[in-house]
């Protein structure tokens with residue numbers, strides 16, 4: 001029985017090869033999209049899912065009010081972990097994970113010279129509690145003994161093999177590592193790298209020595225200093241948090257009392273469940289990859305819509321074939337075929353089509369994964385959840401089969417055999433002005449239209465942020481970062497100033513400055529206070545900080561609106577601020593700010609000597625914020641080199657000379673550079689990826705919609721074959737027949753445009769809300785999107801219409 005049904009189904013699918021191919025293609029695209037999105041969503045929701053006692057493990061995060069605005073930070077004040085252990089009840093474990101900036105790691109080799117790794121990442125300072133919380137598997141050593149000596153270090157397996165590629169794991173134990181050229185550590189343990197996605201990505205663990213912290217450390221927050229808390233089973237998180245905030249407040253008040261002032265920047269602590277840490281995009285978190293739940297929900301919605309569009313396409317193409325199958329259906333019903341048998345036959349055909357589509361979908365998804373490699377979260381393809389994937393595929397097959405096949409099956413089962421046997425055109429696949437099939441076409445093009453408008457707006461916004469005036473000149477500027485270990489070594493750091501003078505003399509170099517990048521994702525900030533001498537009122541504001549020298553404004557063509565430039569000195573003794581900072585302190589004008597004194601925390605007050613015209617210091621999601629520019633030689637860590645922009649052909653020659661000069665001053669240090677314009681473009685990689693994703697989704701939605709429209713056009717042409725033949729005999733030309741067949745479809749597209757426009761406007765307006773600087777959504781975008789959709793529809797329908805219109809009317813009427 002099953003064998004006979006299978007053979008009949010395959011024979012029918014082969015006989016209708018065109019429609020079978022279109023159905024398989026449409027479903028394959030929808031299934032491939034759903035499969036890819038499932039892989040991404042499953043990966044994102046698998047972060048640290050195997051962490052023991054996850055339900056009572058939290059991160060402590062810092063809240064702060066700056067200028068009446070609240071912010072959240074993933075870092076904490078360093079002293080708090082010890083204080084919690086000593087003074088707060090209800091906490092089973094307080095686990096500090098403090099990031100470390102290491103200039104160099106020297107690794108002795110069995111043969112040859114030592115390996116020197118500069119600016120190594122993934123190094124943290126922890127204690128025994130870290131390995132009691134995170135479920136590492138120990139390959140050599142153990143958590144109890146690895147930190148018996150404070151000069152020990154633990155490595156992950158990958159880091160150990162990176163450092164000692166020629167040794168076995170057990171031979172690496174006891175090997176020395178030298179940090180920053182002077183700090184020697186001994187490898188006391190090696191752990192297996194964690195499997196699956198995790199935020200615990202460190203690969204090198206230095207012992208965190210208990211220290212005695214000053215009161216001032218309670219007011220500092222380092223974004224790389226993270227603290228995890230595991231509560232006892234009977235602990236109340238609310239009560240524990242109250243104790244922590246009371247402890248912090250007492251330290252803060254003690255700090256203010258000792259300074260005889262009231263520091264207005266207030267801080268508090270909040271608890272973040274570890275299960276939500278990966279999705280906490282509202283928290284400023286150093287070096288922690290985040291995923292946005294709204295984005296994930298959006299991806300799920302896109303996957304659902306694309307699968308639904310593919311199923312709608314199958315419905316339309318399947319019902320197109322029903323009139324041609326009328327005799328087969330009539331014979332089956334006449335010979336006793338019941339509703340259940342006919343429905344099972346149609347659903348069986350659908351199931352086989354879906355299974356064939358899945359085969360194609362795997363090839364399409366692999367191709368798409370390679371095409372969209374820069375969009376897919378790193379680690380997604382390597383992560384595998386076999387049980388979850390199998391369950392998802394089974395549910396996907398069942399869902400696609402039911403959504404695609406239930407309506408055609410019901411349509412066949414409900415008609416009477418006597419009506420079917422009278423002729424193929426009697427099969428009723430819809431009635432009324434707006435049939436179900438036409439409604440589905442409208443729905444398909446509505447979704448496609450929303451994607452088209454979204455793609456246009458995202459493209460416009462991306463173009464805007466890349467071309468908008470930043471308030472400084474980024475062209476032909478090369479950045480050369482000074483390694484951290486040089487900045488930490490005063491004997492090496494002072495060499496940067498004579499090197500700067502040497503670089504200025506290179507042919508093709510216009511200007512050279514030592515200082516921070518004007519616009520960068522990373523930023524420093526701190527509280528600055530201004531004391532009004534007349535009223536005695538102190539105004540404190542949080543200012544972003546840029547470290548600059550006397551050449552900085554010239555290199556970036558920045559404009560002074562009041563005062564003068566800073567003068568060279570060994571330490572900070574005067575400030576530049578921007579216009580927004582002048583307003584934040586309440587100065588009547590930029591000129592009014594000149595000569596006023598401001599100070600940072602316990603530091604000495606220095607005068608404001610100049611006000612710089614506002615320029616962008618962060619991305620376009622953020623408005624221009626108050627800024628102070630400080631000349632302090634010890635913090636000048638980047639060469640900003642202005643090349644001759646008139647002659648780009650000479651740039652490589654100039655860069656070669658810059659490299660030569662670099663090695664003459666720092667022979668062991670690797671020379672590397674980047675063009676600042678390219679670095680700025682990289683800031684908006686997320687927006688570029690979004691644009692690429694929407695463009696691809698739009699193309700998929702259009703293709704699937706056109707397949708459905710093609711099916712409806714085919715049905716219309718089939719049903720009106722006799723009418724077209726008569727019209728041609730009576731003198732109708734090809735153009736008139738094409739227009740007659742196409743106008744109804746154009747109406748459907750226009751209806752879709754009218755429905756889609758308000759939804760699309762709402763969606764793009766919500767997306768643009770996150771930008772402080774954004775494009776205006778103009779009417780022409782909707783008009784252009786509508787014309788594009790109508791044009792695509794005309795091309796799709798026109799092909800079928802022309803094919804019917806040029807047909808010989810004798811052939812059309814032969815069977816009538």
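The backbone N, Cα and C atoms fix where each Cβ goes, and this holds for glycine too.
When the ranges 440-459, 460-479, 480-499 are checked against TrEMBL, the one recorded as transmembrane segment is 440-459. Looking at 389-413, 414-438, 514-538, 539-563, the stretch flagged in TrEMBL as transmembrane segment turns out to be 389-413. Spatially, the transmembrane segment (389-413) is adjacent to the transmembrane segment (346-369); three or more Cβ-Cβ distances between them are under 8 Å for residues at least 6 apart in sequence. By number of Cβ pairs under 8 Å, the transmembrane segment (440-459) is matched best by 745-764 from the list 295-317, 693-718, 745-764.
Helix, strand and coil counts from DSSP across the domain 'MacB-like periplasmic core' (519-631) read 14 helix, 41 strand, 58 coil. Remote same-chain partners of the transmembrane segment (779-799), defined as residues 6 or more beyond its termini with a Cβ less than 8 Å from a stretch Cβ, comprise 445, 448-449, 452-453, 456-457, 460, 702, 706, 709-710, 713, 738, 741-742, 745-746, 748-750, 752-753, 757, 760-761.
Mean pLDDT of the predicted structure over the domain 'ABC3 transporter permease C-terminal' (698-809): 80. Same-chain neighbours of the transmembrane segment (693-718): 19, 22, 25-26, 29-30, 33, 302, 305-306, 309-310, 312-313, 316-317, 319-320, 323-324, 368, 372, 375, 429, 437-438, 440-441, 444-445, 447-448, 451-452, 454-455, 458-459, 724, 741, 744-745, 789, 792-793, 796-797, 799-801, 803-804, counting only residues six or more beyond its ends whose CB sits under 8 Å from a CB of the stretch. Residue counts for the domain 'ABC3 transporter permease C-terminal' (302-415) under DSSP (helix as H, G, I; strand as E, B; rest coil) come to 93 helix, 0 strand, 21 coil.
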